[in-house]
Structure formats: C-alpha cells, structure tokens
Amino acid sequence: MIFRILEDQFAQKARESKDADRRFMRLALALGKRGQGRTWPNPAVGAVIVKDGVIIGRGWTQPGGRPHGEPEALRRAGEAARGATLYVTLEPCSHFGKSPPCADAVIAAGITRVVAAIEDPNPEVAGQGHARLRAAGITVDVGLCAAEAAFDHAGHFRRIRDKRPHVILKLAVSPDGKIGTAGGKPLAITGEAVRNRVHLLRAQSDAILVGIGTVLADDPQLNCRLPGMEARSPIRVVLDQNLRIPAAGQLGRSARETPLWVIGSELAEAAAATRLGAAGAQIIRVAPGNASGLDLSAVLHVLAEKGITRLMVEGGSRVAASFVAADLADEIWLFRGAEEVGPGGVDALDALPLSKITQSQAYKVHASETFGKDTLTIYERA
C-alpha cells in the first residue's frame, strides 16, 4: 500500500512538473513574439530562467538580432542563474558570429537544465548547441511546445531551408468573396478592430509587399500606425516591373524615414531608377517572369538574401492570386466582413476561387478570432 501511495505521489509531481514546464515554455514563446519583425535576419527567440519554481530572468532577441534571447535572460537573472533551468524557444547557438555562442554563455552561467522547444535547422547549429550543453553536464530536454515554436520561427526555418522568406498573405473579403468594388471606390470590408490587428501583423513582419497597382490606386503608407508602435513599421516592398511608382506619393515621400524597396525588372529604364533612388528608395532588379510580371521566386530569393524572414503580402487580387497560384503563400490571414459587396465587385483572388485556400488540402486551419461582426481564420500549410 505504501508503495502505491509513493507511486501516486511521484506521478502527481511528474504531472505538476510537466505542467510547469509547459507554462514556462509558453511564456518564452510569448516573449519571443515581442521581437518578431525587429530581429531579422536572426530569429526572434524567447527565454525564461526559473529557479525553485520562481522566474528569475526573462529575455527575447533585441532589435537588430542582438543580444539574443538567452544572454538577455541571463543578464537579468545575474548570479541567481546558477543551478537554474532555462526555457528557450530555439536551440542555443554554438558558433561565433557577431556575438559569442549562446551555448557558452549558458554553460558559464551555471545553468543545470535546458528545456528547448525545437532544434535550430541552421547548419552552423543543427544540434551542436544541445551537444555542447550536454557535454558540459547540463540536462537538455527538446520538443516541448515544438509545433508552436515551429510556427513562430517559420520565417527562420523557411529562409534556412528554402532560401526565401515565410510568406504571410493577408486578405479581407466580404461574405460574397469580394475585396472591393469594380470602380476602385474605397470600401471598408472590415471594422476598426480588424484594422488594428492588421497593423499589429505589420509590426510583427520584417517587410510588407504590394504590387504597383495597389500603389497607383490607393497611394498607401504601408506602415504601422498603432499608438506607440509607429517605429515598428516594416520595410515597404513594391513589385513594380517598369518602375512606375511616383516619387511624390506617400511611399516615395517617406522613403528616407521608413525604408522603401522597389523591385523592378532588369529591363526597366535607368532614368526611372535614378529618379526613385534620389527620393531615397532602394532599387532591386530581378529577371522578368512571364508577361504578367516579375518572377516571384526570384523576388523572394533576393529578399531572403537581404535578410528578410517574415514577409507580409497585402497587395490586390492579382498579387494575392499570383502567390497562391505559385504555391508561395505559407500562411494566410483571411479576414471576413459582414456586408456583401454585390455584383461587379472585385474577386479576392482574381480568376482563382477562394476555395483554392478554404477547401484546399494544402492548407489547414491554425487559429481563428472574432472581432465583433468580423472574423479571422489563419491557415497554414498542412
């Protein structure tokens, strides 16, 4: 009987320990999100240091990608980190870059256990960080909240494995599948709460991309206008094959304050490039694709080379359809408003049906949210 009681007590403590591990890892994941959109080309890592059940340090990757999340948490914990547990959303790095290896900092701090959500696919790490920790006598557990971490670090993974950014396509559609009126008259599909959510997504993206058609029709700013977060506006990227973007528009006028990258064809006129460059825009030339525009794969490749990991696509129906048709939309944020546009409206995906997303076996629902009468469904690759 006494052994049964002891076994039950041990099982209870084990469950409590696992529950605690999960809580602390989810906090680390939440902290990592603070850095999204600001740490590229580095991943936005969250870290929590716990001793005797008490949080003694927390950190996340800082703007520009340094310091990394682990050293930031160790700095805040100080000497108390000795004998503690580190929860981290990505394997600590093991190589010398612009800063020393995080694994060495963890060892030097006297951490005795590391709980990592997922291994880093970067060939310079790829299990070597965990191996170095274990060689130093540190207990390393890997895989807690791995799916959540993989979703949060999708940009880092995509850039390492596929040499392109993780593409987040944002769509706002009416119940009848429209994104606007045929005449181009301004139309609010969704309400203010959705607009705020979209601006937060902008702040969590390294760059935001639209086509020249959207620029000429709407003269957008493509920045983050949430109070207190204006400095977190992403790089603005415009697909503009012939470099027609007006330097006097809102994007051109603000190019020196918030970076503007204009991607044009190698065949575009040099005079147009000079005009935009004088306004502060950076001109990027890629090979032309087919008759309808630029080679999207080439566009994404050059953006990845420049360090972009999370790319938000917020263009019109043609740009959206191009990414879906090319199988380059990795994550889709589908907002739905409550009011129909009616006959003559602009279809969300140009000639493609919306079912290409909603009923496709290529995507699965990741999450959903409600904003009054408006809804959001987030799709990810299945």
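The backbone N, Cα and C atoms fix where each Cβ goes, glycine too.
Substrate binding, as stated in TrEMBL, involves Leu222, Arg225, Glu314; the candidate among Arg202, Arg244 given for that site is Arg202. In the three-state DSSP classification, Ala172 (NADP(+) binding site) falls within a strand. Note: the domain 'CMP/dCMP-type deaminase' (19-141) comprises 47 helix, 24 strand, 52 coil (DSSP; helix = H, G, I, strand = E, B). In this structure, the CA atom of Glu314 (substrate binding site) is 33 Å away from the CA atom of Glu70 (active site, proton donor). Reduced to three states, the DSSP call for Val319 (NADP(+) binding site) is helix. Listed binding-site residues: His68, Arg202, Arg225. The one with the lowest count of other Cβ atoms within 10 Å of its Cβ is Arg225.
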